[in-house]
Structure formats: C-alpha cells, structure tokens
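Asks: Here it is, the structure, as structure tokens.
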C-alpha cells in the first residue's frame, strides 16, 4: 500500500473508538479532500524520510485525513515536547486508521506525517467536552452554555437576516486585513447553522463600524447605541467560558476581540495590563491548539492547514507589534515555532462547492495584502530584537557607530520588502490638481506601518547622539510621609521635601551639556537630517489620508503608532544640536499638530492618543517638561535668526 494519508470516509468529523481496530502507522503527505488543493513538492525531505521509514517497517497501513477542529463533542490540545506524556514515547503507540489511541478517559491523536528528519513527533490529547469537571467550569457563571441557548441570546440582539448582512460587511471591510475564516469551513457551518455563537458574535461586532454602507443595518445600529458593547460582552464572556475546551473558533473570536477599538473615554490612554493579559491568553491558546507548528505534513484537511497558518501569523503579528509599540518583551520566542511563510495557496479561497455558498468571497493571490503585512511583522521582530530588548538597548544606546552598523541590514530588509510590493499596493504620486483614484483597501494602513518601522530605526540610531543629563541623587532615607498618589503628584498645594529640593534648577542641569556634534563626523549630520526627513514624510503622508482610506480595518495598535510619531518629533526638538535643526523640528511638530486635528475628524479612535500627547506637551510647555538642548531653548525663546551652530 502507498505511504499516504487518505480521506476519511465519514468526512473526518468523528473520532471512533480504537479498541477493536488494528494498529496503524501515520504517514507523510496527506491527499486533500475532494475539491481542495494544496501546494506540495513531488520530491521533498518529508517524502524521503517516509520512504526510509517504509523500507524499515515494510508496507504501511493507511491513516485517514481527519480534522482536529471538527471532532464532535471533543477538543484537541497539543501534547508538548516536555509534557508528562512524552511525544517520543507516544510515537511508538498503536493507532487506528484515524490516528487515534484510547487512554482511559482521553484519546491521543497522532497527526500523521511526522516525525521525519527535521520535524518532531506531534500528538494531541483529545478530551470529551462532557467530562464532569469541564461542564462545571462552563456553567459556573450561570450563563447559557449550550449552543441553542447562546444562539437565542445573540439573535435577540441581531436577527439572522441582519446577521447575514453584517457577515457581508465583515468579509468586505475586515476579512482582507485579517483573513481568519475558512471559506470551506464557514460556508459549511452556515449551511448547517453550526457557526459557533462566540465567533458569530465577534463577526457581527467587528462589522458594526461599517454599517454606514448598509441602510438597513445603519438604521438598526442608530437605534441602539449600546449594541457594540453588548456584542463584545457576549464574545468576552463566552471566550472565558470555553477556554477549558479550546477550538479554533475561540481563537478566531479572541483575535477579533483584540481588534476592538477602545471606548470613547479610553481613547486617550495606552492599552491596559488587562488587554496585554488577554493577548497573553490568546497566544497561549494558539499554542495549546498547536498553531505554532508546521501543519503541512499532517493528516488534516487542506483547508484546515491553510486556516491554521493564517491564524498563526495573525497571532504572531499581534504579538510583535504590541511588544514593540508598548515596550514589552514579546511573548512568542523565535525558537518555539516553525510555521512556514504564507504563500499564494494559503491565501486562496476555495470555491469547492461542498455546500451552498451563503456569500461569495474573492481573494487576490500574489497581491493579497495580509501576506505583506505579515512579512512586515517579521521585520518588527528584527528591529525589536536588534535595538529594543533590554540587552540590546544597554549595548547600543551609547554607541553610534555600532547602531549604524546594526541598522544597515534592517534598512536593506525594509527596502527589499518595499520593492517587493505589487504595483497595486504602491502609493502613486498624483500630479498637482489631479483627483487621485481610489486606493486599494488597506494600502494606507500598510504604508503607515512601514513608515512607523522606518521611524523606529531612526529613533534607535539617534539615542547616542545626545548625552543624557545626570540622574538626580537617590536618597536612601525613608521619610515618614503620606505616600498616597495625590500627595506625591507634582503641582499640588503641598509637596514632599524631596520634590522641593531635588528640582532641576537646584542641581544645575537644566540643559544638556554642550555636545561636540562633530565628534561623530558627517554621519551624524546625515543621520539627523534623514531622521527629520523621515518625520516629514510621515507628517505629509498622514496629511494626505482621505476618509475612504479609513474605511477598512485599521488594527487598534496603529493608534499607538500615531502617538509614537508625536514622541519622535518631540525627541528631534528636545535634543536638536543646532538652531536650524531646532527650527525644523518645531515646524514639524506644529504641522503634525495641525494634521492630527484635521484627521481626528475622520477617525477619532486612531488619532486621539497622539493628539492627547501633543495637547499635554502644549499645556505644560516643553521647557518645563524636558531638559532641552541649548539650541532648542534658544529657538523656543524666539531667538531664531541667523544663529547657526
């Protein structure tokens, strides 16, 4: 018999008992389900490895393709490499033709196709959802836990007829930027009315910002201002209820929840620790589902392989951007995953005719925007690891030449990424007075993310170009004072003695020590001018954004990018070495203020944090907030004439 993984006769939805079945071995490349396609090389190391295995053991029994996510009444969680059930022990197990082996109350699922040279054995623990402890956990909160009751709760808010319209909006405005649904699976679930309620509620909530494009939905939403919060509350609650029984739908809903824009009164604040904890739970869930492992050789349907890869990269992107923008260590480590890059096949939406299509989807191939966003996220990790980890910052923040050397390969990688963009994803300069044609959905967000990485590169290089002021002495005495927040905050009617005595004026470091800018040579001047140019490009780019550019999903972490631009331009001004640089930076800051105020009208949620940062600087005055360079002080005091240092 050929060494193949075959299609399961019953569609792969059952998990039959193995007690009476003969032992069977897993094999290498699965044959995709009817109507499915997969890109696999005819000659690969995997095939070579399995041929060697067959020569050693003789003829191999078949293992059928069987979904990990569509096990009726059961969930599958990865058995890790150091888990108490050793995968190198489990590889010797006797599995049936579905890759299953009963161990009392659980089953072990051998995914098939591994181990071979370069890949480790992969097994999942398959547990029955009806186990008593699981049922108790899910019903502890007193909310409906069965799908029928949950669906009824959702349909009290969104009738099914309105729901299908919201799905259509989701596929048009959210899905291109976050393709976390499988057309094959989703259409089948819709036809059978089996879409998990938590996922459906998340799709509905994600589509609400775009109801202006549907007159029926717009009227419905306008009559219920709390609809979005109600839907997201359902999503959040059901995610936590089902964490003990994870499936892909829980992860999909979690990813959509992470794209939720902050409420109106929180838009001027950074993400809270609770939001970071939710991201950590999402990453942990992804790893429990084994999404960090390359699924290509496994005995699962082709649609599920494609979906798992897209989901992994969506989680990866969220983690890397969040860690860079919030200055936190990333959760995902480089040495703990081996998922391959997305290719054209991974982004194809299969029209396989397996069920009546509720909504027709179309997805571009090579120019699919999500694949380019994912590649950019890999450069986010590159920049973070090179410049913004604790050890990297300690090493490079005072070494200009080492910073330049470290930046060169990153700059080359950014340029390679940009040159690889297809024509339809590029920005085109329009002749003056010419009305620009509409850009592709998401192109503006894509380019702003790219420009933000250029900014982070210059921000790291600029660190050694100005000396830090000496830190104030730290007293080791413990004053017996009220340590409440109100008492310690500057600006109160009374203040502790150390706030009175340890002022900048008393310590005589109200300005940076004069810097011999020439000590770094011409490279320093070139770098600073390039950084100013980078800031100018970003300011001009944001100024050209139109309302339709925001008519697609902009990831919520992008709002921190706008605030980061504010900080970067302020940095240029604070440590400007000459009056000319100080004047340029002040002009940039003023223009950025004007641009943010104007664009705030188009997308308040994205712009508010950056605008709040600017307002706070304006209200306090820069020379009271920061220790400025002499050139910056001179410029702010109105002494911008012919003085040029």
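Keep in mind that glycine also has a Cβ here, set from the backbone N, Cα and C atoms.
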Asks: Under TrEMBL, which of the candidate ranges 512-532, 533-553, 554-574, 575-595 is annotated transmembrane segment?
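Replies: Per TrEMBL, the stretch marked transmembrane segment is 554-574.
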Asks: Determine how many residues of the domain 'Xylanolytic transcriptional activator regulatory' (275-348) DSSP places in helix, in strand and in coil.
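Replies: Secondary-structure breakdown of the domain 'Xylanolytic transcriptional activator regulatory' (275-348): 45 helix, 0 strand, 29 coil.
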Asks: Limited to the domain 'Xylanolytic transcriptional activator regulatory' (275-348), I'd like the whole-number average of pLDDT.
Replies: 95
